[in-house]
Structure formats: C-alpha cells, structure tokens
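Chemist: Annotation comment: Swiss-Prot describes Gly7, Pro8, Ser9, Gly10, Thr11, Gly12, Lys13, Ser14, Thr15 as ATP binding site.
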Amino acid sequence: MIITIDGPSGTGKSTLAKALAQTLQFLYCNTGAMYRTLAYARLQPDWQEVPLEDFLASPPFSFSFSKDSPLQAFYGDRLLTSELSSQEVANFASLFSKEPLVRAYMQTLQKQYATVGNCVFEGRDMGSKVFPHAEVKIFLTAKPEIRAERRLKDLPQGSLSKEALMAELIARDQADQQRECDPLVIPQDATVIDSSDLTISQILEKILPLIPSHLT
C-alpha cells in the first residue's frame with residue numbers, strides 16, 4: 001500500500017509522515033531529502049560544471065532504503081544529515097528540481113522504492129505525479145506565519161528572521177506552483193488538512209480512518 005503526503009514546506013509533512021509510518025509499521029521515504037541531496041552534491045565545486053546528464057549518469061551521491069531503515073542519503077561514503085537542512089541547499093533544490101531530467105531521474109528511484117513494501121511517501125508531487133493511484137492521498141496546508149515558525153526551528157539560531165523566512169516560503173510556493181514540470185497541486189481525490197492549529201496526534205486521528213482497518 002502507498003500513502004502520499006504532499007504540501008508546501010513547513011506544513012508538517014515530515015513529522016506527520018514519520019509518525020504515520022511508525023504507527024502503521026510502514027516504510028517512510030522523504031523525497032524532499034532526496035532532492036536536497038542532489039542539490040548538495042551539485043553545489044560541490046567538483047560537480048558544478050559537469051553536464052547534467054553526466055552528473056546523473058555517474059552521481060556522487062547515493063541512497064539507502066530498506067525495510068530495516070528509513071531513507072539515508074550519502075555523498076560519497078559520508079552520511080548526510082544536517083547538511084541537507086541549510087537554506088542554501090533548500091533554495092537550490094527548489095531551482096534544481098525544475099529540471100525535467102532531474103525529476104524523471106528521481107521519480108524512477110521513488111517508484112523503485114515503492115516495490116520494497118508498504119510505504120508513506122512525503123513530497124510535493126507524490127500523489128499528483130509519481131503515485132497518482134495511491135490508495136490514500138493527503139495534502140497538508142498551513143498559515144505562512146505558522147510554517148515560518150516551524151522552519152525556523154530547523155535552522156541555526158539567528159540565520160534568518162521570521163519575516164525573511166516567510167517571504168522565502170511564499171516565493172518558494174509560487175515557484176513550485178508555477179513550474180512547468182510537475183507543479184505543486186492538490187492531487188485528485190486527496191484529503192486536504194490545514195495543520196495550522198492541529199497537533200500531529202490530531203492530524204493522525206483524521207487520517208487513520210482512511211486506512212483499511214486490517215492495516216491500522
């Protein structure tokens with residue numbers, strides 16, 4: 001079974017997807033982290049001038065995904081963790097993900113991971129493009145100020161003001177919604193949930209009744 005959770009940044013997708021996967025004993029795949037991994041690798045000096053086709057044909061990054069562990073990202077042999085949370089990487093990932101070659105490459109990987117077992121996929125086009133026939137589709141929204149407060153917790157203290165981050169989030173929304181290749185849209189048949197004033201437990205209470213009873 002595939003469950004998709006889509007929505008813009010700061011709506012609580014990652015926290016919800018992890019909690020839902022843990023509750024159901026499903027695998028969890030953070031596809032945003034996959035795009036940020038590509039962006040991080042592309043920003044490294046040795047790879048900035050390499051043609052995109054060559055970069056993707058012999059990538060300096062890799063992923064580990066199995067029933068025993070969530071998605072892990074590597075640059076060479078080094079496990080990437082905090083590197084993927086920087087605003088520079090996030091901003092470049094937004095630009096880089098517009099490339100049709102990049103999206104096709106990533107979507108192929110994501111579909112391969114779906115064969116491993118029951119999975120919760122989190123991203124921006126999971127229910128609309130990658131898994132349009134997913135059994136359960138969730139689309140999260142939240143007020144911009146709430147989203148900015150949440151994202152600030154992931155950034156080094158003092159690196160950005162709430163107002164500046166909120167402006168960046170709104171600009172990212174517009175870019176995601178207006179890109180020609182797989183824009184951010186509410187998937188057909190998706191359940192839309194505003195997470196602004198809800199806890200993760202309250203959101204789970206809305207979602208679990210959508211799951212077949214033998215899996216909950």
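Counting begins at 1 with the first residue displayed.
Yeah, the Cβs are placed from backbone N, Cα and C, and that goes for glycine too.
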Chemist: Using DSSP with the three-state reduction, classify Lys13 (ATP binding site) as helix, strand or coil.
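Modeler: In three-state terms, Lys13 (ATP binding site) counts as helix.
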Chemist: Look up Gly7 (ATP binding site) in the DSSP assignment and reduce it to helix, strand or coil.
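Modeler: It is coil.
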Chemist: Counting only other Cβ atoms and using a 10 Å cut-off, which of the binding-site residues Ser9, Thr11, Thr15 scores lowest?
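Modeler: Fewest other Cβ atoms within 10 Å, among the binding-site residues Ser9, Thr11, Thr15, is found for Thr15.
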Chemist: What is the number of other Cβ atoms found within 10 Å of the Cβ of Gly7 (ATP binding site)?
Modeler: 25
Chemist: Below 8 Å Cβ to Cβ and six or more residues apart, same chain only. Which residues does that give for Lys13 (ATP binding site)?
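Modeler: Spatial neighbours, sequence-distant, of Lys13 (ATP binding site): Ile5, Asp6, Gly7, Gly32, Glu122, Gly123, Leu140.
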Chemist: Given the recorded ATP site (Gly7, Pro8, Ser9, Gly10, Thr11, Gly12, Lys13, Ser14, Thr15), which additional residues of the same chain have their Cβ within 8 Å of the Cβ centre, ordered by sequence?
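Modeler: So the extra residues in range turn out to be Leu16, Leu140, Ala142, Arg147, Arg150, Ser195.
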